[in-house]
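> The feature region 'Disordered' is assigned by TrEMBL to 1-32, 85-106. Annotation source TrEMBL lists Mg(2+) binding site at ASN48, GLU79, ASP221, ASN223, ASP341, HIS342. The active site, proton donor/acceptor feature in TrEMBL is assigned to ASP221. Look at TrEMBL and you will find ASP310 tagged as site 'Important for catalytic activity'.
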Amino acid sequence: MKRFFKPIEKEGSAKKPSLSPSKNGAENGDALPEVDVKKVPLKFLTWNANSLLLRVKSNWPEFSNFVSNLDPDVIAIQEVRMPAAGSKGAPKKPGELKDDTSPSREEKQILMRALSSPPFGNYHVWWSLADTKYAGTALLVKKCLRPLKVSFSLDGTVSKHEPDGRVILAEFETLRILNTYAPNNGWKDEENSFQRRRKWDKRLLEFVVQSSDKPLIWCGDLNVSHEDIDVSHPEFFSAAKMNGYVPPNKEDCGQPGFTLAERKRFGAILKEGRLVDAYRYLHKEKDMECGFSWSGNPIGKYRGKRMRIDYFIVSEKLKERVAECEIHGKGIELEGFYGSDHCPVSLQLSEGCKEDK
């Protein structure tokens, strides 16, 4: 989502933890330790952290308590904003955290120590990272679960990562989980704005159509509000401009994430992929208090302006098993956002029938 907060402050150094970081996650293909418990994931959490390191430094006790109480099987995180491993000028390793400089080693230690502490020590972690502190995703899966495969691109190639680390796809016996951080549409018809988002949406459509052999749970910051009910102030967002610029195509006008072009493409992805918006499936009415996952800066013209752009999208064959789908933040003061401009969203499935397993 386009940011309206002041620039993130410089991430200063913190006291170096005494606990050396261990590799808490692995690329697909690395052996996972044997586990006694085997089950299908039923509870899921997604959250755009808006810099995971900053959240660890500033909001971790509260978020850890939230996760402990919710106890999800899978946690999908977007906007990790940690750089991929690899020295300057060398090929990057987007599945690993950078640690070739003193500052990066310290930051990795801080982050990995947090992810080794309860409740996060109960999870395996997979990363897909950008070259710099930008974008990036992480997927945490309980150690009692064993994905059949984890990949990092929409074409399912294990060794290939999407640019900026925007995709992690985990396949289980009875379903797939897709964690994505969709690129922001931007304000102009440029390569890194409208054109990039059009290409992304086209590839997503191709992916969901070609992946219909197994039920899908697609989650993350999808950077689109599908209907008027999904924003607090539809007229405000429809008329939004950047420095007075008006795109030549009327369908591209308005707030990124709420242009008619984006909304139409998102609707086509749902229709062609036979997918259901889990939150809207259960919550038919507009909720001005708890119905939005992103909130604008509490100071300025975006105060109180909110959007639902973080989703759980499920295959139609799973919709009858959607027991709960909740947005965990509320109000214009960002309660339950844990320092981010996005709040967590959760999904609970009921047990499937034996023939579905």
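Cβ coordinates come from backbone N, Cα and C, glycine included.
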> Give the sequence-ordered list of residues that share a chain with GLU79 (Mg(2+) binding site), lie 6 or more positions from it, and have CB atoms under 8 Å from its CB.
ASN48, ALA49, ASN50, SER51, LEU52, ALA135, GLY136, TYR181, ASP221, SER340
> Quick one: give me the count of other CB atoms within 10 A of the CB of HIS342 (Mg(2+) binding site).
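Looking across every protein chain shown, the total is 25.
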> Mind tallying the region 'Disordered' (85-106) by DSSP state, helix then strand then coil?
5 helix, 6 strand, 11 coil
> List the Cα distance (Å, whole number) between ASN223 (Mg(2+) binding site) and ASP310 (site 'Important for catalytic activity').
7
> Around ASN223 (Mg(2+) binding site), how many other C-beta atoms are within 10 angstroms of its C-beta?
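So the Cβ neighbour count for ASN223 (Mg(2+) binding site) comes to 26.
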> Cα-Cα separation of ASP310 (site 'Important for catalytic activity') and HIS342 (Mg(2+) binding site), in Å?
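That separation, Cα to Cα, works out to 8 Å.
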> Of ASN48, ASP310, ASP341, the recorded positions given in the record, which has the fewest other CB atoms within 10 A of its CB?
ASP341
> Note down the number of other Cβ atoms within 10 Å of the Cβ of ASP221 (Mg(2+) binding site), including every protein chain shown.
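If we count other Cβ atoms within 10 Å of ASP221 (Mg(2+) binding site), we arrive at 31.
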